[in-house]
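Data first, discussion second: the structure below is written as structure tokens.
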Amino acid sequence: MADNDKNSCSCSFCGKVHSEVRKLIAGPSVFICNECIDLCSGILQEEGSSYKKGDTLDLKPKEIKKVLDEYVIGQEHSKKVLSVAVYNHYKRLSNSGIISDVEISKSNVLLIGPTGSGKTLLARTLARVLQVPFAMADATTLTEAGYVGEDVESILLKLLQAANFNVEAAQRGIIYIDEVDKISRKSENASITRDVSGEGVQQALLKVIEGTVSSVPPQGGRKHPHQEFIQINTDNILFIFGGAFDGLEKIIESRHQGSNMGFEANVQKASKDKDIFCYTEPEDLVKFGLIPEFVGRIPVITSLGELDEATLCRILVEPKNSLVKQYKKLFEMDNINLEFDDSALSEIARKAAVRKAGARGLRAILENLLLDLMFETPGTFNVDQIVISKQMVEESMVNSRLFLKH
């Protein structure tokens, strides 16, 4: 190429001519220089590595739990169990090329606890801490392949979407499946009839949990022969399951009937204190309706206790994204300072404890309590401070007592 021809060609991206760069590569009617190639390569590498921070093991179990403490109040044992399980999981991935003589199994986790005890929040916070893709699914929407409803590949698609279709990142992500107790089979004995939303789903999940290469349709929906698929290996995806398991406590109690008096007394005391789930054994889950193969793929089992009034009161104010902080921020956007008396917070926690809906009950109470205020005060120029009192919570008539500061 003559010098004049070289200088007439320029990079289609940065505009530099041939003499200003080391290399100019030609394509169909376009050119790109080595500098732009290096820049694009750096961007792609940065995006590809952004999800690999979970493998670096920068966070040790104590540090993981410390971050969980900032968002999740109470449930100390479960946070410790999760921190260790997750640390071991990503330690296993980081050393997969080093350890050859011993194969370390995945530390899939089962969280047992009542509604609103923090199961979903724990899983979601873990993914945020580790900076890995996170997907959540409801087991009650899943059906066996070939039947109406979502199949297990739809969960993997959600994980791929969370990873911006970065397959390598998705293969090291976390999947949380809630309401897993709802897919228990109808009886402990195998049934000759098809159970497409119970045992059938457990069988379908088995392959994904233990590790397989799944073909996922990128557009979702059911598979058909003429579509393209994304291949995703589930060997290194961490699965966390959650469920309330209503009725499991009776199975645990019956197992301990006739056992030595000391241990049985502990179980009876735990039953009264709502902590009986900490005595859960794999055989109890099988009797509940989970198939043995499914239970065998979940080596880590931990229970979350029912939240008491004192813990609910702490949940209102202590987490980084606590409900009180969220509502204060919403009112602050309208130039209104929202405050809560300590007695008001205690009353809100008491009402939530009575409802037995856990932390979810707190939001429902606050929404009802603040509804009229959130409707009336925007655009009201003579209101710049509102203080919520215990009486206002008791009566749920917040409009009747506004404390104004001019």
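A Cβ is built for glycine as well, from the same backbone N, Cα and C atoms used for every other residue.
As recorded in Swiss-Prot, the features of this protein are as follows:
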type	residues	note
DOMAIN	1-52	domain 'ClpX-type ZB'
BINDING	Cys11, Cys14, Cys33, Cys36	Zn(2+) binding site
BINDING	Pro114, Thr115, Gly116, Ser117, Gly118, Lys119, Thr120, Leu121	ATP binding site
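Here the features listed in Swiss-Prot are painted onto the structure.
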residue	record	Cβ within 10 Å
Cys11	Zn(2+) binding site	21
Cys33	Zn(2+) binding site	24
Cys36	Zn(2+) binding site	18
Pro114	ATP binding site	19
Thr115	ATP binding site	15
Ser117	ATP binding site	26
Gly118	ATP binding site	26
Lys119	ATP binding site	26
Thr120	ATP binding site	16
Leu121	ATP binding site	19
Who sits close to Gly116 (ATP binding site): which same-chain residues at least 6 apart have their Cβ under 8 Å from its Cβ?
-> Leu307, Ala357, Gly358, Ala359, Arg360, Gly361
Cα-nearest neighbour of Pro114 (ATP binding site) within the listed binding-site residues, Cys11, Cys14, Cys33, Cys36 = Cys36
Report the residues of the chain - excluding Cys11, Cys14, Cys33, Cys36 - with C-beta within 8 Å of the mean position of the site's C-beta atoms, for the recorded Zn(2+) site, in sequence order.
-> Ser10, Ser12, Phe13, Gly15, Lys16, Val21, Leu24, Phe31, Ile32, Asn34, Glu35, Ile37
Name the secondary structure element type, per DSSP in three states, that contains Cys33 (Zn(2+) binding site).
-> strand
Rounded to the nearest angstrom, how far is the Cα of Cys11 (Zn(2+) binding site) from the Cα of Leu121 (ATP binding site)?
-> 49
For the ATP site built from Pro114, Thr115, Gly116, Ser117, Gly118, Lys119, Thr120, Leu121, further residues of that chain with CB within 8 A of the site's CB center = Gly113, Gly242, Leu304, Gly358, Ala359, Arg360
In terms of DSSP three-state secondary structure, what is the assignment for Lys119 (ATP binding site)?
-> helix
Packing count at Cys14 (Zn(2+) binding site) (other Cβ atoms within 10 Å of its Cβ) | 13
Over the domain 'ClpX-type ZB' (1-52), work out the mean pLDDT and round it to an integer.
-> 75
Separation of alpha carbons, Cys14 (Zn(2+) binding site) and Ser117 (ATP binding site) (Å) | 55
Using C-alpha atoms, which one of the binding-site residues Thr115, Gly118, Lys119, Thr120 comes nearest to Cys11 (Zn(2+) binding site)?
-> Thr120
